[in-house]
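Engineer: Sending over a structure as C-alpha cells; questions will come in a sec.
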C-alpha cells in the first residue's frame, strides 16, 4: 500500500514546498516591500495566507496518512482536520467571490468605485465566521472509522480518517450535495460577475477607441488640407480615398471606366470594413489584457480554483452514496481517484506563479530580492 502511494507522496511534498515558498514570498513582498498599497492588492495577502494554511495542514496530514495507512487512531484530530480543511476551502472560495464583487464595484463605479477599509475587514470577518459555521457538521460526520480487511482468510480491522460508520448515509449524502450545490452557485456567481465586468470594460474601451479615432480624424482634416492646381482644396482623407480610387481619378473624363472602377471599389469596401472591425476588436482585447491585468489575474485564479475543487466534491458524493466506494477500486483506479481528490492543493502552489506573471510590481520586487541575495 505504501509503495502504491509513493508517487502521490512525492506530489504532495512538491505541492507543500512550492506553496510554502511561493505564498511565503507573496505574503512578505505584498506586506512589507510593495510601496503602492492599491485597492486591487488588498485581498492578495489574505489569499496567500489562506493558501499557506490549506497546503501546510492538508499536505502534512495527507503525507502522514500515506506513510501510515489504515492505522489512524486519533478521532479528535481527524474531526478537527476535516473541519479545518472544509472551513479553509470555503474561506478561499468566498474570498475569490469577494474579490469579484470588489472588481464589479470598481468597474461599474458603484459606492464611490471602491470598498472602504472597514467594509473589507467586515467582509473577511463574515467570511471566516460563515465558513466555520458551515464546517461544523464535519465534527459529527467524520472521524476515526474502522475498515475491515481480508488477509490470508483472516479479517483484520484497520482504522482510517474518514466518514464514520454510525452516521446515516443520507445525512452524509445531503451534506456533500449541499457543499456541491454551494460550490456550483459560487461558480455561477463568479462567472456572471466576471462576464458583466468584461462586458463593461469592453464597452468602455470601445467608446474610448472611437473617441480617439474621431479626434485623430479631425486633426488630420484640419492639418492635412492641401491646394489643387486649380485653386481648390482637398483633405488627406479625400486624398486617401483618391489613392484607393486612382483609376477613377486619373480617368474622370472616361465615364465607363470610372463607373467600372467605382463598382470594383464598392465590392471591396465590405471586406475592408470587416477587416477593420476585426483589427479593432483585437486591439481592444489587447488593451484590456494590458490595462486590466488584475481583472485577468483574479479571473484565472477563480477558474483554476473551481476546476481543482469540483472533482473532490464529486468523489465525496460518490463515497457517501456507495458505502464501499474506495474499497472496491483497483490499485490504478484508487491512485487516479486519490490524485483528483487531493488535487485541490495544486491551486495553492500555482497562485504565486499567476501573481508573478500578471503583477509587474510584484515581479520587480522579486527580482530585486534575488539580485540582492
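Including glycine, each Cβ sits where the backbone N, Cα and C put it.
What TrEMBL records for 223-240 is compositional bias 'Polar residues'. The annotation compositional bias 'Low complexity' is assigned in TrEMBL to 241-256. Marked as compositional bias 'Basic and acidic residues' by TrEMBL: 257-266. According to TrEMBL, the feature domain 'G-protein coupled receptors family 1 profile' maps to 22-355. Residues annotated as region 'Disordered' in TrEMBL: 223-268. The transmembrane segment feature in TrEMBL is assigned to 6-30, 42-63, 83-101, 122-142, 172-202, 294-322, 334-358.
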Engineer: Please determine whether the transmembrane segment (6-30) and the transmembrane segment (122-142) are in contact (criterion: at least three Cβ-Cβ distances under 8 Å, sequence separation 6 or more).
Structural biologist: no
Engineer: Six or more residues out from either end of the transmembrane segment (42-63), which same-chain residues have a Cβ under 8 Å from its Cβ atoms?
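Structural biologist: Result: 9, 12-13, 15-16, 19-20, 23-24, 26-27, 30-31, 81, 84-85, 88-89, 91-92, 95-96, 98-99, 102, 120, 124, 301, 342, 344-345, 347-349, 351-352, 355.
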